[in-house]
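Asker: Quick one: the structure is below, questions incoming.
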Amino acid sequence: MRWLTLIAVAHLIAFLSSAEITCPRIPEKCDCKISKSMIILSCNGEDVKTIAQTVGTSQIDELHILNGTDVKIESLPFNGLRTIAILNSTLQSFSPTAWRHVEATIEHITINGNELKTVPVFGNLSTLMSMNLNSNQISSIPDKAFNGLSALTQLRLENNAICDFPPKSLDAVKASLVLLDVSGNCLDAIPAQILRNAANLMYLDLGSNNISEINNFELMNLPFLRELRVQNNTLRRIHPMAFMNVPQLQYLYLQDNIISTLDGNRLQGFKNLEVLDVSNNALYALPSLKDLPNLKQVRVDGNLITKIETLAFSNNPNLQLISVQNNNIVQISRNSFESLDKLVVLLVGNNSLAKIERGMFDGMKNLQQLSIRNNTLTALDASSFAQLAHLTTLDLGHNKIHDIEEGTFDKLSKLFWLDLSNNKISGFKTSVFKKKISNILLDGNQLICDESFNEFLTYLIANKVRTFLPFQQEIMCHGPEKYAGVRLKDLMMKKANETLSEGSRLLGVPQGSNQHSLLSSFLPSLGPLGTLNGAGGAAIPLVNTLTNTIPALRSIPGFGGNIPVGTGASSVPNKNLNDAIEGFTGPLVRFATGGQPVASDIEQLIRSIPNMVVNVPGFGDIDLSKMDPTMIQYVLNGGQIPGIDKATLDKIVKQTMNKMHTAAAANLAGNPVEGQEKVLPPLDKLPSGLVTQVMSGEPLPGLNENQTKIIMEYYTHQMPGMDGIPARPVESQGNTTANNMFNPAMFDLLKMLPPGYNLSKIPMEVIAAVTRGEVPDMRLLPEDLLEHFKQHTTSLTSMFAGATAKNISIEEILEKLPVFVRPELSTFVPYDINELTSEMVLEQEQNERHRNIRIITAIALAFVGAVTVVVIIFFVNYTKKQRRLRKSLVYRSSPSSSGSSGQNAANESGRSSAAPSPIRPPLMNIPKTPNNRTMESTFGQPQLCSTLLENPQAVSHRSRH
């Protein structure tokens, strides 16, 4: 029966859990949604009475009312209500019995932004956990306002008019209270009586009041207090014995007060202290902050501190941030930051430091961010930051720096942000910058862009350094006079316009003049380009590409070989070419400093030839084998060549594609056309984006899918075979046994590559493994492709689709997968108390409550099981005792020892002689006692043991006697 009951209960629970939850009927101004099996009702501009009448007896879990019209609420007749929030309404009071209907269910109350004058009497709300009465007009608290709220853990009374607390107003909830927020009121002293002995209080906010001092013993016996906020008061003094038995304090916020002295020795009692903020006070000296093993952040901004003493922060092994900005610091003693191995941020901005002394920043070997902004520094040398090898951000803006010695930044290999804005820098000495720094901010300086500035300009271009932020004005030169007002990034292009001869020399046209301008020194690696050798741009790959690809361009001055060469030769200035040189300057400088051509450079170079008319008879005769792959990709992507309209260029592209198709078809048929290498360039001359497009099945411009397929088949046979040996030439179009590298697995690889990726960068071992259907070794891939797969890890699965079919073990697959190392974080995330919202605390409490329910359920089940075992044991023992009792009632005498009469003996003797029968002892002669009678009435006459045989004759004989 008991098992049937348990089964029935289980079925009932399953039925209830599977029942569909639906929203009830609601007023027009309300909205209903279901979240996490809870019915949430939100209303705007509605009163409680109307909502209750519409909802009726239906259950709702949460009720949110915005802009409500109630002035007084008489009743809350809602079934199952757990959360109520009345926001920005006109509510002034509650009836004493208003909460009676929800006493057993209500958990969270928020009455924020209303007109309450006093804390309502809530009654016996034994399940209430949080109460938020922020932003009302509460000025008084009844003595028994919180009686009956035995489970209350959070009480928020922020932004009211509370000037004092009755001594016993929080006695009913003191034992359970975890968070108390009374900030933004008019308290003039610590409410010690309501706080003392709050055994579970963890968060206390007394900010934005009128508290002037913390007296002795006012914060006493708070064993679990973790965070104390007394910011934005009129606090002048903290007495020596103010804190007693507050061992767990971690966060202490005292900013925006008028504290003039702070005894650091008293702070040493807080061994768990992590954050100390005494910003914007009146401290004349930095408090001694030593021997705080868990201290992570110290903020002493906005005080009157003039000096940081030696070992000011000693024995703080976990300190990560120090901020002493907005003080009057003129000196930082040597070893002030000794042994701060975990310090990553040091902010010393807005002080009066005039010089960085040797050893000033020693002891911070892992420092990453340093700000010395808005001081009075004038010079930097190699010893300034020598110990800061891990520095990534250095802010030196708004100083008076005019001299930076060579080697100042040599040891800062990880530096990527250097702010030198608003200083007195006019230029840089030789080799000041050797390693790449991605961002060097220079706005607000008086840069003199003379010849001594050339090396720095070359450094900026070669390393693609950003010199200003998007919202800042661009950097301008302030001298010499002919360069005044020239943008830094336009300087090289503007210099090209000053002399046509120098610009022509950059394009490979030798000039009779041997003049050297500023622009020539920008490009030392180009040097004199010598004679044209038949093509004006032969010494410059990009110009050579244009002139060899489009022969008609050679007729343009500066490009072709028809310009007179030799002594006395003269060239007529060409305005179009002058304008073009300015656009050419940017890409050419990058090439001159060791960079490789990229698509953006080609596009800039081509688009920088305004007003150049291209008259090209027979333009369609294009030699693709001499054309740069990037140029081909540029045109196929829709790029335009100045002087050629789009329709003409599209026609040329279509004609070229048709010629490619014709030549490929002829080659596959075994009849290659003459000069096919001009229209069918080798694979290394084709842009990788075009190869990927074709192999992915996308048609080429001007061709259909079948025509594109023929070109694909031609290039397929030009690819290396599976073993790295070039495939044999195709003898006939019908040959289907040729070695085809682009099998389905290879197509899958192409689809995973980034658009336009250069296939030549993929190792042949990987390609060969893919074409054979094997698992490739992904560790051999280049870094840029591994980074792409890191961002698209799902695409890696298709690489191993055939692994199962080939019986490849998981260990072999894992061995060939790349290892993505998690990057080291550059900084840490500071603690922010503002993230401690009521929802977070409530969520923690809800998780804790669920965990407790599970524990209680487990204990209850264990108890039931234990009781069941005890009952079974008791029943077994009882049964055994009954059996023993029955056996004890049996007469256990034998014939030789019986006390029977002679007649009985004779009868026994006669029966023995008459017929053999088993000997059966007579019944015991038990006297009739009250106990025996009771036992007899319960169990009947005592019987023999069931193992003995009953003799019918003996029974009848006894019955006659």
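A Cβ is built for glycine as well, from the same backbone N, Cα and C atoms used for every other residue.
Features from Swiss-Prot:
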type	residues	note
COMPBIAS	893-902	compositional bias 'Low complexity'
COMPBIAS	928-943	compositional bias 'Polar residues'
REPEAT	79-101	repeat 'LRR 2'
REPEAT	103-124	repeat 'LRR 3'
REPEAT	125-148	repeat 'LRR 4'
REPEAT	174-197	repeat 'LRR 6'
REPEAT	199-222	repeat 'LRR 7'
REPEAT	223-245	repeat 'LRR 8'
REPEAT	247-269	repeat 'LRR 9'
REPEAT	270-294	repeat 'LRR 10'
REPEAT	305-316	repeat 'LRR 11'
REPEAT	340-363	repeat 'LRR 13'
REPEAT	388-411	repeat 'LRR 15'
REPEAT	437-455	repeat 'LRR 17'
SIGNAL	1-18	signal peptide
TRANSMEM	855-875	transmembrane segment
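Tell me about the surroundings of these features in the structure.
Answerer: A mean pLDDT of 91 is what the model gives for the repeat 'LRR 2' (79-101).
Through the fold, the repeat 'LRR 3' (103-124) approaches residues 80-94, 96-97, 130-142, 144-146, 148-149, 157, 842 of its own chain, all at least 6 residues removed from its boundaries and within a Cβ separation under 8 Å.
Note on the repeat 'LRR 4' (125-148): DSSP counts are 0 helix, 4 strand, 20 coil.
When Cβ-Cβ distances below 8 Å are used as the criterion, the repeat 'LRR 6' (174-197) is approached by residues 134, 150-165, 167-168, 203-212, 214-215, 217-222, 229, 841 of the same chain, each at least six residues removed from its ends.
When Cβ-Cβ distances below 8 Å are used as the criterion, the repeat 'LRR 8' (223-245) is approached by residues 183, 199-217, 251-263, 266, 269-270, 277, 833 of the same chain, each at least six residues removed from its ends.
Sequence-distant contacts of the repeat 'LRR 9' (247-269), counting only residues of its own chain at least 6 positions beyond either end whose CB sits under 8 Å from a CB of the stretch, comprise 207, 223-238, 240, 275-285, 287-292, 294, 299, 831, 833.
Sorting the repeat 'LRR 11' (305-316) by DSSP state (H, G, I as helix; E, B as strand; all else coil) yields 0 helix, 2 strand, 10 coil.
Within the chain, the repeat 'LRR 13' (340-363) has long-range Cβ neighbours (under 8 A, six or more residues past its boundaries) at 301, 313, 316-332, 334, 369-380, 383-385, 387-388, 395, 827-828.
Within the same chain, residues 349, 361, 364-382, 417-426, 428-435, 437, 441, 444, 826 sit at least 6 positions outside the repeat 'LRR 15' (388-411) and bring their C-beta atoms closer than 8 Å to a C-beta of that stretch.
Residues 397, 409, 415-428, 430-431, 463-469, 472-473, 475-480, 483, 486, 488, 491, 518, 521-522 of the same chain lie 6+ residues outside the repeat 'LRR 17' (437-455) yet bring a C-beta within less than 8 angstroms of a C-beta in it.
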Asker: So which residues does the repeat 'LRR 11' (305-316) touch in its own chain, when a touch means Cβ under 8 Å and the partner is 6 or more beyond its ends?
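Answerer: 283-286, 288-293, 295, 298, 322, 324, 327-340.
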Asker: How many helix, strand and coil residues does the repeat 'LRR 10' (270-294) contain under DSSP?
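Answerer: Summed by class, the stretch gives 0 helix, 3 strand, 22 coil.
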